[in-house]
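Input: a single structure, listed below in structure tokens.
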Amino acid sequence: MGVIDMVLFWVLLVNALLIVDASSRNMPFAYQNEMQRHCSSTKYTSLCVQNLREFRHGSLDGLDFVSFLVNKTISDSNLLIPPLSSSMGSSKLVSLEDSTYTLPSPSVSDSCERLMKMSTRRLRQAMEALNGSSRKRHTKHDVQTWLSAAMTFQQACKDSILDSGGSSSASAISHISQKMDHLSRLVSNSLTLVDTIMKNPKPKTKSTALPRWVTAGERRLLVGRARAHVVVAKDGSGDYRTVMEAVTAAHGNGKDLTVIVGDDSATGGTSVPDTATMTVTGDGFIARDIGIKNIAGPRGHQAIALSITSDQSVLYRCSISGYQDTLYAAALRQFYRECDIYGTIDFIFGNAAAVFQSCNIFLRRPHGVKAYNVILANGRTDQRQNTGFALHSCRIRTDSDLSPVKHKYSSYLGRPWRKYSRAIVMESYIDDAIAEGGWAGWLDSGDEVLKTLYFGEFKNYGPKARISKRVTWEGFHSIGFEEANYFSVVKRRNGEDVTNGFKYKFKIKIQI
């Protein structure tokens, strides 16, 4: 760099600092005070202050601060990944500085672009909910859910690039990862402000049979009884003499008869998300009495049966069957009632706010001598995300292939996929196939994660439900009634379950 260039550089730097200092001095004291107060509670305080210094509306409303931060995240997301031209020979991911890095393959680029569009969609939902009259139509839980999902999709984009490994340059991977981390920090700060500023709605005293967002037609679909099409009578007066004859003749009317089947797996070179037999993205998805299988088998490694990124989704009396990574409960609010879920390693994974109520959880025989089973692998990356998994009134048991040899393999309730992983098991039956410690660590994640995770149990029963034998991690909790109620779908009165048949509320602080 020449002398003139050096002098010019320092002149520009000093001017920039003077402008920043002047902008701070020109801010009203009340605004500066509010900005500092709110930002002091965030994880990335300096970034929060830096962003809010750009806010020129002079509002002291904390929600306007949040709205500005969310809008900033949207703007930076759009700068990071513009629409990719399908005619390009190689896909490009554009940085915030407009320099380009070639991604390893079009499939990785397409996946990342899709995830970032999903992230931006949820950011826009949160933005709309924070603006003016919309604030009355949406709750704090809604905004937390959409911001949490936006961060989850950003992390998934980063993961897809990191998993591409040696096919991309180290500099490209590092550069793009840093940009994703920048976006996640912006969302983290927004989540913190939402958590500290917004108020929860007052609980309604009237109990509702189904979530408030389920329509009248959907209620009838879920709780209604089907009209009889055939009659079974031993004396021959009906359509069939035995139940088995009627079942055999049926063309599909239940989770074992109407089944969607796939066999993609990671061993065939397919990316893990793309192995899914069925992928659901539309909000308000409802499934009843249907089966979804991935039959790649235990040698197929990761092979998803069902992947869901649908907000306010409900699955009732469904069967979800696979081995490793069976159910990808990726993001947003999900509820599973009376479902059968089969698998081996991390077979319920993702970062949704998902509750599994009165479900059968079947452990299968894993492949390999040193193989083991893990049910829950939650991917919560920020302590302000309102995500996590809860098993409530479930039965954890072995499938027929594992039962004869279940003591040859270790099986666990869950393990921490991410730093702030959260999982609860309550009022559930725990088979003796589960290890006494109950929970497992994540490979080489270290001791720090054992402090930041949140695993809890409440009033479980069965041969391996003894809390006294559980892991002694700082992040493991034997929770009481109040904490259990916090994670329950159905709230109780005076310790009594107020459920009546298929009735539930879709509102917990993992916030369903």
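A Cβ is built for glycine as well, from the same backbone N, Cα and C atoms used for every other residue.
For reference, Swiss-Prot has these:
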- Gln302, Arg415, Trp417: substrate binding site (BINDING)
- Cys339-Cys359: disulfide bond (DISULFID)
- Asn71: N-linked glycosylation site (CARBOHYD)
- Asn131: N-linked glycosylation site (CARBOHYD)
- 1-24: signal peptide (SIGNAL)
- Gln324: site 'Transition state stabilizer' (SITE)
DSSP three-state assignment (helix, strand or coil) for Asn71 (N-linked glycosylation site): helix
Cβ atoms near Gln302 (substrate binding site) (within 10 Å, other residues, all chains): 24
Sparsest Cβ surroundings (other CB atoms within 10 Å) among the recorded positions Asn71, Asn131, Gln324: Asn131
Candidates Asn131, Gln302, Cys339, Cys359 (recorded positions) with Cα within 10 Å of Gln324 (site 'Transition state stabilizer'): Gln302
Among Cys339, Cys359, Arg415 [recorded positions], residue with fewest other Cβ within 10 Å: Cys339
Largest separation between Cα atoms (Å) of residues that the record links to substrate, namely Gln302, Arg415, Trp417: 16
Closest of Gln302, Arg415, Trp417 to Asn131 (N-linked glycosylation site), Cα positions, binding-site residues only: Trp417
Listed in sequence order, residues not in Gln302, Arg415, Trp417 with Cβ within 8 Å of the centre of the substrate site Cβ atoms: Asp325, Ile345, Asp346, Phe349, Val374, Ala377, Trp442
DSSP-derived class (H/G/I helix, E/B strand, else coil) of Gln324 (site 'Transition state stabilizer'): strand
Distance [Cα-Cα, Å, rounded] between Cys359 (disulfide bond) and Arg415 (substrate binding site): 20
Alpha-carbon distance [Cys339 (disulfide bond); Arg415 (substrate binding site)] in Å: 22
Surrounding CB atoms that lie within 10 Å of the CB of Trp417 (substrate binding site), all protein chains: 22
Spatial neighbour of Cys339 (disulfide bond) that is closest, considering only the recorded positions Asn71, Gln302, Trp417 and their CA atoms: Gln302
Alpha-carbon distance [Asn71 (N-linked glycosylation site); Gln302 (substrate binding site)] in Å: 36
